[in-house]
Each structure stands twice: as structure tokens, then as C-alpha cells.
Amino acid sequence: MSDNQEPILAKEENVTGIPSPLLKLKSWQWWLLVSINIFFLIGGQAASVLLGRFYYDEGGNSKWMATLVQTGAFPILYIPLLLLPSSSSANAAEPSSSSSCSLKTIVLIYVLLGVIIAGDNMLYSVGLLYLSASTYSLICATQLAFNAVFSYFINAQKFTALILNSVVFLSFSAALIALNDDADAPSGVSSSKYIVGFVCTLAASALYSLLLSLMQFSFEKILKRETFSVVLEMQIYTSLVATCVAVIGLFASGEWRTLHGEMVGYHKGRASYVLTLVGTAVTWQVCSVGVVGLIFLVSSLFSNVISTLSLAVTPLAALAVFRDKMSGVKIMSMLIALWGFASYVYQNYLDDLKVRRARQQAQAGRV
């Protein structure tokens, strides 16, 4: 890990831009906030994936609608922006993002990232259409491996032996799913469509990791701030752009004409159709609140690690909800993915330990 990248649980090493109310939190209060945001991220992501699979299983077929609901409820993000402390005094002491770079640059960043998010969401929608929820989640776990690669080239993160071990094991995990002849694809999905779903999900995982690295680069090199308000504003405005792209795609593709018939023919009824879409949209934004909260409280890297951990929870939830088959290959794939995840977390634990020891030595030297 490079010197300018914050390790897990070492956010306090760089207090610039952190609201003063957060700095005054006691340890247990900080841990409570972290735990709540972890619950939001894991619960929101697992619920949204299961609801997305439920939408397809019960008669939904619009890929653009499935894409739209992933960002369509972004106004919910204004709630934490208004309720949680933003410390205007701290912001007044720092140059605003608009003064650090031009408004045109900020708009360009939001539009570019928003378009990438829309494309990424479409790939995820196609993947979930052709894969079971458990298989989909196991493939998505590869985003941690992609994140390590993109962070190396874009964010100057060091590639240690443990990180390499994580990349290799997560790659093996995805390869096992790809080569699994006894794939539990949803009913009516051919082997060719299963391959399309696998490729789209893998591409979406790579694109999502690239997106995280580009966001981190924007915070560090362009906006030069990573306060709560800046992180949340980026989440809101990029989601706005992604939602606009999804709406354009919905009408340009002609899928909007099929929505009424889709709702009428929905197996669980019209009310269930609406509730499924609304529930999916809300749970995605609950997940987003958790993502932003962990970025603010800890670091972007820690947020991504917890996001990947939640992908290990989803197959178990899918097993209970949809009775997905957990073949020996899928169990092996999950165990390999968890080992890769553990290697990644342990590396960042070592980085955090190193920073803490350096701080203690510096404090001892002053005495």
C-alpha cells in the first residue's frame, strides 16, 4: 500500500476533512456507526440481488428496468446528507471542491462516472437474468481481484505477496464456476445464455472495480477532498446521470412498451410487481448509504472489502430463499473465494498495524 493510501481502520491518521463531531466520537460510538454501515451494505446488497432474481423469476424481463432500479431511488441519499453532521465550520476552513477545480471539470467527472455506472448496471442486469443468485454472487466476488489490479496501476497501491495470493485464488474461484458443467442456470436459460451471463457478470465486476479506482483518483488528485458531503454528492449526482441513461435506454430500446404487459402477467400480481421494483430500488440505496458511510468512517478500500464479503452472504441467502443448488464445485468456489478475501484483509491488517506502530514510536520520541 502506498504512503498516500489509508489502510483499514487508520482513518484517524488523516483528520483533514473529517467533521469535528466525528473526531469527538468515543471509540464505542465510532464502532457502532461502522457496524451500522456494515449492516446497511451487507443487508442492502444481499436483499437487492435476491429481489432482482425474484423479479426475473416471477415474470419480469426488462433489462433496462432492472438497470434503472439500481440507481433510481438516489434521492434517498439526501436523507443522510441532511441528517448526519457535515460540520460547516470544518468545510469553511478548507477550500471547496468547486474552488479546487472548475465546475466544468466536476460536471465532466460526474457525467463520465455516471455513464460508466449505467453501463456497469446493465451488465449486472444481464448477468443476473441468466444466472442463479448464488452463482452470480460468487462471480461478483472477483471484483476484489480486479480492484487490486486497478489500484496498482491507478492508485499506486503496492502489489504484495498476499495481494497476489488473493488475486490468484479469486481468479481460481471464478474459473471453477465458468468450467462447471452442472451449472444451475434458471429454468429456460440455455448454456450459451449462461456463458453470456457469466461474461457479463465478470465484465461488470471488472468495470465496478475500475469505477472505484477512478473515484478514488478523483478524490485524491482532482477534488483533493474526501469529506462526507463530497463523497455523498458524488454518489448522488453520478446516480442521477446513470438514472437518466437508464431511462433513455428504456425508451430507446422500446422496452417501455412491454412494461404494462409485464406487470399484468407478473406471477405474483400487479402489487407484487410494483413492490418488487420499489424494494429493489430502496435496498440498492440502503447499500449505497453503507458504502458511503464506510468510505467516510474508514476508507474506500475497507468499503470495497466489506462489499465483497457481502457477496459471500448472498449465496447462503439464495440457498434459503430460492433453494439454489450448492454443488460441490460451488462450495469449493466459495471456500477459495473466502481464502482470497482473507488474504486481502490480512494484508490490510498488516498495513494498519504498521501505521499504528509508527505513530506510537513517533509519540514516544516526542516524550
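Using the three backbone atoms N, Cα and C, a Cβ is placed for every residue, glycine included.
Here is what TrEMBL says about this protein:
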TRANSMEM  30-52  transmembrane segment
TRANSMEM  64-84  transmembrane segment
TRANSMEM  105-124  transmembrane segment
TRANSMEM  136-154  transmembrane segment
TRANSMEM  161-179  transmembrane segment
TRANSMEM  194-215  transmembrane segment
TRANSMEM  236-253  transmembrane segment
TRANSMEM  273-298  transmembrane segment
TRANSMEM  305-322  transmembrane segment
TRANSMEM  328-346  transmembrane segment
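Stretch with the largest number of CB pairs closer than 8 A to the transmembrane segment (305-322), among 30-52, 64-84, 194-215: 30-52. For the transmembrane segment (161-179), the partner stretch with the highest count of Cβ pairs under 8 angstroms, out of 30-52, 64-84, 194-215, 273-298, is 194-215. Among 30-52, 64-84, 105-124, 136-154, 273-298, 136-154 has the largest number of CB pairs under 8 A with the transmembrane segment (328-346). The listed stretches are 136-154, 194-215, 273-298; of these, 194-215 has the most Cβ pairs under 8 Å to the transmembrane segment (105-124). Non-local neighbours of the transmembrane segment (194-215) in the same chain are 113, 116-117, 119-120, 123-124, 126-131, 136, 139-144, 146-147, 149-151, 154-155, 174, 177-178, 183, 185, 234, 300, 304; each lies 6+ residues outside the stretch with a CB under 8 Å from one of its CB atoms. At the 8 Å Cβ cutoff, the transmembrane segment (273-298) and the transmembrane segment (136-154) share fewer than 3 close pairs (sequence separation 6 or more) and do not count as touching. Residues 5, 49, 53, 127-128, 163, 166-167, 170-171, 173-174, 177, 197-198, 201-202, 204-206, 208-210, 212-214, 216-217, 301, 304-305, 307-308, 311-312, 314-315, 318, 330, 333-334, 337, 340-341, 344 of the same chain, all 6+ positions outside the transmembrane segment (136-154), place their C-beta atoms under 8 angstroms from a C-beta of that stretch.
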